[in-house]
Amino acid sequence: MGAEKKWLFTLFSAAMLSLIFILHLSMSAITSPGDDFPTPIFRGPHYPPTFAYYISGGPGSKDQIFRLFLAVYHPRNRYLLHLRREASDDERRALAAAVVAVPAVRNFRNADVVGKPNRINFMGASNMAETLRAAAILLKVDSGWDWFITLSASDYPLVTQDGWLMSLMVSPSLYIRKNQNVGRREERIQPIVVDPALYLARRSQIFQATKKRPTPDGFKIFTGSSWVTLSRKFLEYCILGWENLPRTLLMYFNNVMLSEEGSLVTTVHGPSPSPDSGGGEDADKILKILVKTGGDGCSDSKVKNSLDRAAVTVSPALVTEVVKRLSNAGALALSFFRWAEKQRGFQYSSQSYNALIEALGKIKQFTVAWALIGDMHRRGLLTKDTFALISRRYARARKVKEAVEAFNRMEKFGLRYDSADFNRLIDILCKSRSVAKAQEVFDNMKKSKRFELDVKSYTMLLEGWGQEKNLPKVMEVYGEMKDVGLVPDVVTYGIIIDAYCKDKKYNDAIKLFDEMLERGCEPTPHIYCTLINGLGSGKKLSEAIGFFERMKASGITPTIPTYNALIGAYCWSEKIADAHRVIEEMRNLGNGPNSRTYDIILHHLIRARKTKEAYELFQRMGSEGEAPPMLSTYEIVMRMFCNEGRVDMALRVWEQMKSCGFLPGMQMFSMLILSLCDDNRLDEACNYFQEMLDVGIRPPANMFSKLKQSLIDQGKNDKVLSLGKRIDDLRKTPLLGGAS
């Protein structure tokens, strides 16, 4: 065994540092097509994501790999095909020849075949190493893809990629599913194993040591599928490695059975996870402390004293996660940030700053927000996202002029303003219901000719007028778009179909759908979802079901949003039992339901005055880990009880919400305080009013007027003066901003 024990590859060399030999079908990223395929490839936030496929198989699977490759091929995507080491070179060359013979591949140059494969043992770490190696190759040869998908030659036939497209457009997670209940899998984690495919020249069985090691305490173990769908950003984090966690886990899982089931998912949830992941149980722990602290009166000293006793390890991801979840409590978020920046392990980051600016913008603390932007600039952390964020908060506060000025200030901070930024500003104004201002900015840009207005520019304006239910303006902008020679794309069609549905012009919506098909523009799941929603809300149930079945017949797998649209259609027609039948179908397919599913049914039960059934459904949510209530769910149920004058039940839901770490916003505070006033429980109303002020939320004028009048009617003028002074202090004295 002397010669065989030669170390051909270590895990690092196999995963990251291996010399990559590829039979080049192309080493260039997807580019503009040639004469045979004149259709351009569009990418961006308003277009579907792009996939990088890694398709692998063993000896004799050339035809299966090629068949699967053709089934999932699209010019937008990137492909890496891998015949394992045991396959012959002749079979590998035959696969390469078959791929390059495809006219579209020759034209778009977006497929490669691995020329020097490694040996793989699916029970050991070599499979994980080869997956990382494939990701490294795809990162090198193409800079444009968004998601990495691994497939086996045996995965044909499989569902179409439309299901992935819709899922990843509406829920851009790092992974699809994970599980911390490791259970029996821990038996595979504790034994120390050696994968011979990493070290030996000849295939052999895995060696297992007699001793076991304890489960690590430096990170929690999570498990998932060995067939992964991962974001590009996460893979860059794992392979380029801006900190030590990926390498630590890589070395640990090097000696674990079926390591690919745990390594990548555990990396996401480690103590110093990637920028896209959260802080886990520590974040939950901190949130519960802060919710209680906020209820007792928020101050920096109270927050510091409470958190100093929490014994949590601060990390950049933890800070970002907590601040994001405090987005409805800007004052509390700022107090937490001040505490965190003095802790070991804290690092300033664009993500945490932006989350804090978002929270402060919600309570109109723009002076503090600009102080933080100055800090970001000095630390080199300022990005265009920051200006988009503060502009959005100005726009939501109905400060439209300031929103435009804030966005334009980015150039004063050394950031160049381009056409993509202009489109983003139009999008912000439209989504903040300032569409008339967006139209004005759009028209001024058209006159200045500083940037060339493109399909995206018009599409965002179309969407804005569509949300305003102003169909004449939608058609006016649409006509102008066609007059300047711009060709509508699938996003444009979807927006106009939605506008027709909102105006209850269902026949026009269906006619445009058919026109889109005639022009060779394939509808996306989102367009089907729009039609099902629109027809369902118009109580045209049979037509809505027809489009659902039509979508399935076209080969598109229904996603959770599509099922939710169908459930809504049944609910609008008061067929709640059928809606629950669809939920069972979703469960059987492993495709939901989610919290939004239950929110839809709750809404319709409440409309039908079925309070008991609604509350029973609410109580069942979250059982067995399925679809727990979200903040929107608590708001729906609280409003139900407040409207019925059942304030005690509303308070019960309020306490349940806070015990789960959710912080109420202005609307929920206002709803509860007004209900307490109606129930003549003014002391409690004042307590919740104080809590609202403590977390930095300014009360709406109508709510304070009602509370003030109720207090005056009971002769509590001193309390009115006290509360009025608190509001003036909050309005006139901004929070102390800036980081130290």
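Including glycine, each Cβ sits where the backbone N, Cα and C put it.
If you average pLDDT over the repeat 'PPR' (349-383) in this model, you get 92. Marked as repeat 'PPR' by TrEMBL: 349-383 (among others).
In terms of DSSP secondary structure, the repeat 'PPR' (418-448) contains 27 helix, 0 strand, 4 coil. Annotation source TrEMBL lists repeat 'PPR' at 418-448 (among others).
Beyond its flanks by at least six residues, the repeat 'PPR' (454-488) meets 44, 46, 419, 422-423, 426-427, 429-431, 433, 435, 438-439, 442, 495-496, 498-500, 502-503, 505, 521 of its own chain at Cβ-Cβ distances under 8 Å. Sequence annotations record features per position, and here TrEMBL assigns repeat 'PPR' to 454-488 (among others).
Annotation source TrEMBL lists repeat 'PPR' at 489-523 (among others). Distant neighbours of the repeat 'PPR' (489-523): 42, 46-47, 455, 458-459, 462-463, 465-466, 469, 471, 474, 478, 481, 530-531, 533-535, 537-538, 540, 543, 554; these residues of the same chain sit at least 6 beyond its ends, with a Cβ under 8 Å from one of its Cβ atoms.
The feature repeat 'PPR' is assigned by TrEMBL to 524-558 (among others).
The feature repeat 'PPR' is assigned by TrEMBL to 559-593 (among others). Note on the repeat 'PPR' (559-593): DSSP counts are 26 helix, 0 strand, 9 coil.
TrEMBL lists 594-628 (among others) with the feature repeat 'PPR'.
Counting residue by residue with DSSP, the repeat 'PPR' (630-664) contains 26 helix, 0 strand, 9 coil. Under the heading repeat 'PPR', TrEMBL lists 630-664 (among others).
Sequence annotations record features per position, and here TrEMBL assigns repeat 'PPR' to 665-699 (among others). Same-chain residues lying 6+ beyond the ends of the repeat 'PPR' (665-699) with a Cβ under 8 Å from its Cβ atoms: 294-295, 297-298, 328-332, 334, 362-365, 631, 634-635, 638-639, 642, 645, 647, 650-651, 654, 706-707, 710-711, 714, 716, 719, 723, 726-727, 730-731, 735.
Across the repeat 'PPR' (454-488), DSSP assigns 26 helix, 0 strand, 9 coil.
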